[in-house]
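Features of the protein shown, as given by Swiss-Prot:
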type	residues	note
REGION	1-402	region 'Carboxyphosphate synthetic domain'
BINDING	129, 169, 175, 176, 208, 210, 215, 241, 242, 243, 285, 299	ATP 1 binding site
DOMAIN	133-328	domain 'ATP-grasp 1'
BINDING	285, 299	Mg(2+) 1 binding site
BINDING	285, 299	Mn(2+) 1 binding site
BINDING	299, 301	Mn(2+) 2 binding site
BINDING	299, 301	Mg(2+) 2 binding site
REGION	403-541	region 'Oligomerization domain'
REGION	542-944	region 'Carbamoyl phosphate synthetic domain'
DOMAIN	666-857	domain 'ATP-grasp 2'
BINDING	702, 741, 743, 748, 773, 774, 775, 776, 816, 828	ATP 2 binding site
BINDING	816, 828	Mg(2+) 3 binding site
BINDING	816, 828	Mn(2+) 3 binding site
BINDING	828, 830	Mn(2+) 4 binding site
BINDING	828, 830	Mg(2+) 4 binding site
DOMAIN	945-1099	domain 'MGS-like'
REGION	945-1099	region 'Allosteric domain'
């Protein structure tokens, strides 16, 4: 069937901020779909609250809205843009839930908008667990015994009937949020109570347990003519009971017989028919009992998902692109296979290699959280690796994770960790085999299929052989074929990695590169991407004779290094292409736009290690390598690349080193007359205590060479300092600990700056909303700044100019400043793209990363900026021509933009929600408004923490904050809020004439503060940290990964209860001040105003 002519304009809903369970894969699938719909001749409107996405770049659609993803805002956009259709299958759970709500509230009917890609009826059948079960049973498919309940009593009754353990799955939540496994009544009470709160419809499914069964997924696509294909089978290495997002997965499935696979394929076809999926991609999960072969359908997602992104990257079949075209009426036999250019999308992909995905966790960021893996997803990112065999792919995937070696454990600890899986489980399996355990014993404890365990055990046996045959060429070859890195072999042989590399070179042991082409090399690929293998002879990655630039990606998403760096990578690729270079992308992350088959000219799906990168350089011989766009990952290996005479494009490695080394950096600042906070370094506890004594408390402590403020802290006493120094030594072994004088009550600024070596341009000057001491990645920020004087802005421009020139920046850099008593201090400089580059680009309407990339290959900055000139500048700043001064004018948009962060605290009950110098946010949203108050209010709604305009406020404020907080709370009382406060805060409020209800702290009488929160009487909590209340910190003690130190105070109990009950909370005076302004604005009139992003630039 040809495309539908009855629709012209299509609205696509994005997935919002990156959270656990919904990450960069939706930017990748959304971008792909937008390109497909535009090329088919449709007008496209995109709405997303996340500015760090390629899909919100204006070139991919006819209208971009960066607005909160709520029904109210969507209705306004629909009213304004009048789309004919809504495609909700590309924005994850968020978009599906919104589509259901828009339909049920009659909004789609009101404006004549059709749902395409998935009918309302189908979404409900797939998403509503009770309906899904009924539908499957009618289709003759087996599902697990289960019951939907909406209260605790029914849940207890059901669990008694089914027998423990039982699985609890809240309806309509993401990544298993609020769910879990209950082994007894006490656990059931706890999980069900949380699950009923998390579920938007307040129901949970109690399901019989299939712990230990094998889990499989099929990625399927179907068109309107009934054609059905399986794109890829995926096997979870981990058994049922661990969320598939936290499982190690393998494609294609390795342990299914052909008969079992056909049975599963037939069942998948029946599922699609029964649910009524007429067009698009779906993901269907099955569980198989390894003893009896009994197969049950677990669930299906009627949309593109994390697994479909993985399946697309594993096979080269662009599921999202195909699904978008199917949604507008095309059939599979009308859509070309974009990789071969010869076949059609109706051909099932065939693959002659193995793909392994491993999740990346960061539980150390959430002290107090339960590290055990269960049905609630906890990982923040993932890597994918390709090899000719499972062993090779597994080895490559493990080194892509960029993790440190696991702690050495005794057998007792190993057994415990195998039985209770944690993120380190794979290390423990290898440790078990090293300690002499056999396959059967490990299988009993882990329920992982014996085939995988035998493969892993063989690797450990090879290690023993390596120890016996030092420098044997044949055993070296075998180790390389089995996925061992030069570094691992070097460790076993007790030599340097360089020596192993030389031995390989002397014996001509090199990898060859094979192609991912969807058809096992049956047809020639037009848009090739490659993986390395030592199990092959012919090199399929034959380099062209064009001038090439290689861009190093950022590897797996993690806290501190997320989708923002992929955004800058992709913009870099496009810029180099526009300048006539062939682009080579190297990355290991399957969720991203950078690893899409048509982003760069050539894609290498490889680990970002020195060894893997050097091999690609050997094959491609690029003009140079770009390390400035991928965050800390490429910077970490830059030194070794320079040693091997690889040309680094952009800012030189010498400058990178000066910026990373505190002593060298301080010396440079002194030479050019700039200030930094006084600091010292220490290599022992004694030395640290001495340094802190000289600087005076409070001090800021951090290890060198870390990302996202890992193990950073503000310390007030010598006792706390001692505890922290021990932790820092574990995080960054062999490097000294840095100790800074902490600047209290300073304003922190974040500056994104671009330079071509002569001219310097501040692209974004952002003011942090949170107090100094909160990691800039966790603080909301505003552009343009709201509290800087004209004189101060000019001084900042001069300061940044001096520093950028001294560091010889070519391209982009990020500088963090603090202003205290009108003095400017340099906190740090990063000569690379920062996580704020996408936000700045969207706020000012100028593609910062693209301009920076072009500068790296010799373009002139004023000439590049002239395309966007005149842009809005500060009131009173008049510039007729760019380039008259070496300091180019700083953009000063008329609209205010606020970046707010999203932190996954609800995934980790038990973690304290206080903000500090260690970054914990996974994603961000952007609020745009006529003034700061409107932008801040919209950012809070977008982040899922809408501020209330009526109700009661609970206030408990530390003594140090009372002077500033009391007048702000008085404003809220004047606006009609009822104020409850603990004794000390109440006294301070009463002395200002504020009417307040005194509420006892825990232990001072009932009903107390916690009772008040549990009763649902409070709509906002204001609680600041008192100086005698230590934050909880994760401290490593060798054997056990993390233990929590610090006591659980009343403040901690209030914060965690507010989080559990989904009550908005403010933990700093600064956020209270911003909230008061936002609430006042909201009380004056609606802030549900929507504007096209491009219109906000013209104001």
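Including glycine, each Cβ sits where the backbone N, Cα and C put it.
Projection of Swiss-Prot feature records onto the structure.
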residue : record                : contacts (Cβ under 8 Å, 6+ apart)
129     : ATP 1 binding site    : 146, 148, 169, 171, 205
208     : ATP 1 binding site    : 144, 145, 146, 162, 163, 166, 167
242     : ATP 1 binding site    : 236, 373, 374, 375, 421
285     : ATP 1 binding site    : 215, 216, 217, 244, 297, 298, 299, 300
301     : Mn(2+) 2 binding site : 126, 282, 283, 307
743     : ATP 2 binding site    : 677, 772, 818, 820, 825
773     : ATP 2 binding site    : 700, 714, 742, 744, 916, 917
828     : Mg(2+) 3 binding site : 659, 665, 815, 816
830     : Mn(2+) 4 binding site : 659, 813, 814, 815
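With helix defined as DSSP H, G or I and strand as E or B, the region 'Oligomerization domain' (403-541) counts 73 helix, 11 strand, 55 coil. Among the binding-site residues 215, 299, the residue whose Cβ has the fewest other Cβ atoms within 10 Å is 299. The full span of the recorded ATP 2 binding residues, 702, 741, 743, 748, 773, 774, 775, 776, 816, 828, taken as their largest Cα to Cα distance, is 18 Å. Cβ neighbours within 10 Å of residue 702 (ATP 2 binding site), excluding its own Cβ and spanning all shown chains: 22. DSSP assigns residue 242 (ATP 1 binding site) to coil in the three-state reduction, outside any helix or strand. Confidence over the domain 'ATP-grasp 1' (133-328), given as mean pLDDT on the 0 to 100 scale, stands at 93. The secondary structure of residue 215 (ATP 1 binding site), as reduced to three states from DSSP, is extended strand. All chains included, 18 other C-beta atoms sit within 10 angstroms of the C-beta of residue 816 (ATP 2 binding site). Its own atom aside, the Cβ of residue 775 (ATP 2 binding site) has 22 Cβ atoms within 10 angstroms in the protein chains shown. Mapped onto three states, the DSSP output places residue 129 (ATP 1 binding site) in helix.
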